[in-house]
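Student: Have a look at the structure that comes next, please.
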Amino acid sequence: MPRGLELLIAQTILQGFDAQYGRFLEVTSGAQQRFEQADWHAVQQAMKNRIHLYDHHVGLVVEQLRCITNGQSTDAAFLLRVKEHYTRLLPDYPRFEIAESFFNSVYCRLFDHRSLTPERLFIFSSQPERRFRTIPRPLAKDFHPDHGWESLLMRVISDLPLRLRWQNKSRDIHYIVRHLTETLGTDNLAESHLQVANELFYRNKAAWLVGKLITPSGTLPFLLPIHQTDDGELFIDTCLTTTAEASIVFGFARSYFMVYAPLPAALVEWLREILPGKTTAELYMAIGCQKHAKTESYREYLVYLQGCNEQFIEAPGIRGMVMLVFTLPGFDRVFKVIKDRFAPQKEMSAAHVRACYQLVKEHDRVGRMADTQEFENFVLEKRHISPALMALLLQEAAEKITDLGEQIVIRHLYIERRMVPLNIWLEQVEGQQLRDAIEEYGNAIRQLAAANIFPGDMLFKNFGVTRHGRVVFYDYDEICYMTEVNFRDIPLPRYPEDELASEPWYSVSPGDVFPEEFRHWLCADPRIGPLFEEMHADLFRADYWRALQNRIREGHVEDVYAYRRRQRFSVRFV
């Protein structure tokens, strides 16, 4: 390779990232117009398009580099010099952290995810930690209640860029003040003030005002979801002011926000104060920088691994028929490997399973499907793997494992947030907790279905319970669109003997689903059956599912709320 080519390659990669993030911001900047026009299908399509941008631009850069190098092989010293030149370009670069991830992605695409060493990649950042502790330009505006909170909130709402008419601005402000007074008390509220992000956070059918409620005793989240009536008038649906509520709004089971963030590291740093339980990876994920979130997630894993003496073990719960799942006992994530061979009743391919996981990545997850990060050629030290898990890996996924002596390489896996399997949770709880779990499970099914997702396998073992008590679906190998399913009633038996026969007396085609059968496995436990019949009996009727299908086919997009119905102002104060 001729000398001097290293700088050209480094500049080409950074220019490629500039192009990618420019398109990312362009798609994001259209969120306000899509919201104001109530073009919910365009909202969904923009979300998919934005997710695809990253890989598309990585591919473009890879093709450019192959042209620049004429396809010649590169030696280790050349690659090190490329990284050195790239690193020198970053100190004054505003999106340095994601630029490093983009470099990693280009390298992995060129070299098939091999030789992933700190010398060649940005395994950890080259820049000072939390470089944007001091924000280089204001991300938020302060509002003080000099003339009372009604006046303050009127200024906040009047400053919003939204161009639609408000249904009843004074009413909404009254509800917010009432909530704040009940939460803080009159004296504390009088001594508090607001800091509000300059940009709205758009997701699904809502525009979120995100702020900080700065009180004498500390800083709280201040979140206002703004919705539209059927007549296109704006209203504020609730006010959320606890870290637990904010954590759910920014949760790992939800779609990414569309928020205009030319300085993503600064925005993440600003959000950290009101989302103290979120990792850096989760914060980047929430604002749509999912590829850099993957980088941060891997860094968090490495830091945890360096500081513990644990070994990987098989994850608790019923062993899956498609996935082998393992974890570190104290780590909050699980690792999922597609098995070489599936159980006989699972008539599908590994490619189908991967397609299902990609569907979930791109779809509106409505707070009920866990996000995943996908890795190739994932290296594990053998000393970190328990003997039982090593035997299981070799038994179930040997075709995906390469033995390097002291290490193994797993060709492909997913990393996902760890939860308590719902079947285990139901065994451990009783009373109100049991009732809440069954209510949550049914609500999860309903919300997935309304978003055009049919889970396929609805057994409790395929769902998990989060630290906030929410029920989330995490087993995607049988997932499909609601509109692809044929929901049928079981025909009446022709003769009494039909009900005793080992085979059904009616024909069953691929795609046929009989909701009446759900009762057999969801209500078998005498503690659970009555609760299910009380709260979710309609899930056992085919006409319920067909009615949902009709709404989806008619183009209806359901509202998705990241909070309980009882928290809505229309329920709470009316």
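Placement of Cβ uses the backbone N, Cα and C atoms for every residue, glycine included.
Keep in mind the model is a prediction, meaning the values are calculated, not measured.
Annotated active site per Swiss-Prot: Asp371, in sequence order, evidence recorded as sequence analysis. Per Swiss-Prot, the feature ATP binding site maps to Ala315, Pro316, Gly317, Ile318, Arg319, Gly320, Met321, Lys336.
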Student: I'm trying to understand the geometry here, so how far is the Cα atom of Arg319 (ATP binding site) from the Cα atom of Asp371 (active site), in Å to the nearest whole number?
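Tutor: Cα to Cα, Arg319 (ATP binding site) and Asp371 (active site) are separated by 21 Å.
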Student: Find the longest CA to CA distance in the recorded ATP-binding set Ala315, Pro316, Gly317, Ile318, Arg319, Gly320, Met321, Lys336; express it in Å as a whole number.
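Tutor: Taking every pair of listed residues, the largest Cα separation comes to 15 Å.
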Student: Sequence gap of 6 or more, Cβ distance under 8 Å: name the residues on the same chain that satisfy this around Gly317 (ATP binding site), in order along the sequence.
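Tutor: When sequence neighbours closer than 6 are ignored, Gly317 (ATP binding site) has Val325, Pro421, Asn423, Ile424, Lys461 within Cβ distance under 8 Å.
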Student: Which has the fewest other CB atoms in a 10 Å radius around its CB: Pro316, Gly320, the listed binding-site residues?
Tutor: Pro316
Student: Could you work out which of the binding-site residues (Ala315, Ile318, Met321) has its C-beta surrounded by the smallest number of other C-beta atoms within 10 A?
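Tutor: Among the binding-site residues Ala315, Ile318, Met321, the lowest count of other Cβ atoms within 10 Å belongs to Ile318.
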Student: For Arg319 (ATP binding site), what is the tally of other C-beta atoms lying within 10 angstroms of its C-beta?
Tutor: 13
Student: Can you tell me the CA-to-CA distance separating Pro316 (ATP binding site) and Asp371 (active site), as a whole number of Å?
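Tutor: With distance taken Cα to Cα, Asp371 (active site) is 20 Å from Pro316 (ATP binding site).
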